[in-house]
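According to TrEMBL, the features are:
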type   : residues : note
DOMAIN : 31-78    : domain 'Cytochrome C Planctomycete-type'
DOMAIN : 111-175  : domain 'DUF1587'
DOMAIN : 386-446  : domain 'DUF1595'
DOMAIN : 451-577  : domain 'DUF1592'
DOMAIN : 603-698  : domain 'DUF1588'
DOMAIN : 734-807  : domain 'DUF1585'
Amino acid sequence: MFGCALANGQTAAAETASVADLSQSFFARNCNDCHSGDGAEADLDLTDLSMEVSDLAIHARWVRIFDRVRSGEMPPPDAAAVDAMEVESFTDSVEVFLQIAGRRFQQTVLRRLNRNEYANTLNDLFGTHLDLSMMLPEDGRSHEFDNVGDALGVSMVHLQKYLDAIDSVMDAAIAKTTSRPATQVIQANYAESREGEKFVGEVWRLADDGAVVFFQDLGYPTGMLRGAEVKQAGWYTLRVTGYAYHAEQPITFRAGLTSFQPGSDKPTLGYFQFPPIESTDGQPTTVEKRVWMEPRFMVSIDPWGIDTGNYNLRKQGIDGYTGPGLAINQVELVGPILESFPGRGHELIYAGLVRHEVEPTNPTTKTKPWYQPNFVTESTQPATDAAKVFRRVATAAYRRPVDDSDVQPIIELMTQQIDRGATFDEALRTGVAAIFCSPDFLYLQEPGGKLDDHAIASRLSYFLVRTTPDQALLDAAAAGVLSTDPSALIQHTRRLIADPRHQRFIDDFCDAWLNLREIEFTSPDRTLFPEYDPYLQHSAIAETRHFVSELIEKNLPVRNVVQSDFAFLNERLVDHYRDGLGQTDPVHGPDLQRVQLSDDSLRGGLLSQASVLKVSANGTNTSPVVRGVWVMERILGITPSPPPPGISGVEPDIRGASTLRELLDKHRDLDSCRSCHAMIDPPGFALESFNPIGGYRDRFRSLGEGEKVDLQIKQRRVQYRLGQAVDASGEMQDGRKFDGFVQFRQRLAADEDALARSLATKFLTFATGREMGFSDRPMIDRMVAESKQRGHGVRDILELVVTSEAFLNK
């Protein structure tokens with residue numbers, strides 16, 4: 001055996017030496033003029049390049065060299081011609097060398113649930129809907145993804161926050177009464193509210209029918225309604241009744257939640273629309289939605305799109321205003337809506353146990369509105385009863401069958417707690433909390449090699465619905481079909497895609513892949529872009545998520561990622577996209593509608609969507625470099641080299657005297673910058689047709705030089721100017737020219753193999769929790785070839801991922 005190991009080591013050393021000799025010979029003839037010594041371009045000295053590719057950083061450097069030579073990017077086009085056979089010999093040898101070395105990087109490290117997965121799992125197992133992700137530390141990221149094992153550590157802070165989270169979930173899930181809570185009907189109106197006392201007669205009007213009429217447009221005062229709140233967390237039916245007042249057209253409004261609690265989120269429940277009361281026979285309209293309410297929240301109603309023109313409500317008073325408004329008659333909350341009683345989480349812990357209410361010392365206490373009953377669980381055999389509970393809870397938490405070895409440590413912990421004076425209930429909760437802080441819950445248990453059926457079930461479920469496997473998947477795992485029958489795996493894949501919980505995948509994947517999580521990272525400059533508002537942002541995010549969901553559900557060709565003949569639009573997006581949108585059917589209201597686009601439309605595909613265009617810009621201007629890198633990394637799956645040391649970025653001139661394109665022309669004159677910018681800049685130039693909030697432009701907006709604009713937005717005259725003309729033309733790295741965004745998009749969409757390869761790689765990374773490496777490329781190439789045979793459908797690509805060796809193995 002020692003002799004075999006020695007022989008293998010000698011063979012590997014000989015192969016390394018052979019590749020080193022061939023590489024240095026190739027570098028000496030073609031590369032070292034620029035890449036040698038202290039002044040080497042891009043800080044890459046090929047004469048001193050280590051062959052220790054077992055080191056991840058050195059391996060990555062070799063991969064970058066291989067890619068640039070294979071693509072023809074290096075040596076650069078203006079260098080002496082390189083013999084094609086010599087390039088082939090070099091790349092073939094290096095490819096085999098890197099494939100062998102890269103296999104050691106393939107395995108996924110033990111992968112922890114990220115905070116979204118943790119929150120989803122607890123809420124689903126206990127039947128709650130708490131916003132736990134805000135309680136947990138932010139996860140690390142590997143490139144764009146926050147579920148990659150290498151970036152997900154665990155600290156004492158994590159463990160404390162996990163304990164806080166499970167404690168909150170148990171508090172919410174455990175029944176507070178012995179009988180099913182009565183359904184509450186909570187009715188509130190602005191006329192009788194504290195807000196009404198303050199603002200009616202000032203900026204709000206009391207209508208003859210008792211409705212309060214708003215005239216502000218997503219501004220001050222907000223439509224917070226203190227009476228529209230609940231005492232018990234749960235699902236409720238929200239009903240808002242009202243109408244468009246003195247209006248010829250319907251009026252849109254936002255229904256949301258607000259809170260006085262410091263740091264609390266203020267979720268938007270949705271945007272709705274009321275028609276004029278004249279169009280409904282004088283009767284107000286009621287809209288409703290199922291919502292999750294907590295005691296900290298109050299309902300808030302805010303109109304959008306009301307234009308009071310030059311009339312100043314605050315200065316001129318409400319009595320003289322005769323324009324349109326939003327009338328709200330009543331806000332109603334009905335609930336809590338219970339699927340069962342006791343609920344799922346209560347039964348998970350207390351099924352089979354006897355609990356009874358502890359009578360208060362003073363019986364009249366039970367009549368008080370603040371009274372909360374206390375319960376105690378009876379147990380004459382605490383260890384036996386607890387073992388049944390812990391086995392049931394651990395089976396659900398660990399996503400696999402459990403045995404005595406899984407449960408015994410928890411029983412011992414509980415016994416210790418009782419010995420120290422804890423009650424049975426307190427010790428039981430401690431044991432349950434310990435289960436949900438156990439490595440068997442926190443980590444996806446994936447032994448090396450071929451995954452077993454329960455590991456596949458967990459991997460598939462956390463990929464497609466972002467939570468623990470449901471009973472159908474667990475049954476399939478128990479039957480052993482997931483690892484042996486690809487058709488069963490595809491069947492469950494399609495079932496989960498059709499599941500409402502798949503929206504979590506759409507949200508999380510788009511947040512990572514397209515960086516939608518950064519949509520609020522910058523605030524558009526209010527002087528340059530006064531038309532930007534929360535309704536537009538809400539609509540833009542929804543547009544992208546609807547679009548990606550459509551690609552998967554309808555299995556549309558991957559070219560739609562960059563060029564489609566349809567879009568999902570509502571009234572706000574149609575107004576925002578009106579320049580360059582082309583001819584479409586009329587779109588009304590806040591709900592997104594699938595709209596067929598005309599051939600001359602600039603919209604269609606991700607690259608022209610407002611959400612993407614906002615996250616790839618800042619709040620003031622756009623950068624062809626930033627947007628170019630975004631397209632390369634997110635759409636084409638190519639990570640450009642970082643700028644060489646000492647090379648500063650190019651900052652835009654917000655005065656409008658020079659365009660960033662003009663500044664980049666000078667930047668590209670530097671030898672060390674030219675090759676990368678030849679790849680990065682063309683997509684960025686094409687996207688210059690769109691401003692930082694996704695509107696079409698043919699001239700840049702400026703705060704300095706330029707032409708004045710005679711326009712009012714939201715009762716204010718705009719202060720920006722129109723500066724220099726936009727030039728969206730460019731030249732692809734392969735020499736093909738494009739005259740603007742439309743032609744660039746056509747060229748990009750034509751390379752479906754590249755789009756499929758990139759999307760498959762993104763899916764694989766998200767599904768397996770590891771970055772795809774050099775040694776994964778042959779597998780991905782096979783997937784792309786198979787995808788091409790099937791027509792490059794997006795769902796086909798996803799199904800190829802879940803049946804791939806990378807998905808089924810670790």
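Each position is counted from 1, following the chain as shown.
The backbone N, Cα and C atoms fix where each Cβ goes, glycine too.
If you take every residue in the domain 'DUF1585' (734-807) and average the pLDDT, you get 96. The domain 'DUF1587' (111-175): residue composition by secondary structure is 37 helix, 4 strand, 24 coil, according to DSSP.
Taken through DSSP, the domain 'Cytochrome C Planctomycete-type' (31-78) splits into 21 helix, 0 strand, 27 coil. Shown for the domain 'DUF1595' (386-446): DSSP residue counts in helix, strand and coil, namely 45 helix, 2 strand, 14 coil. Helix, strand and coil counts under DSSP for the domain 'DUF1585' (734-807) come to 56 helix, 3 strand, 15 coil.
Across the domain 'DUF1592' (451-577), DSSP helix (H, G, I), strand (E, B) and coil residues number 78 helix, 5 strand, 44 coil.
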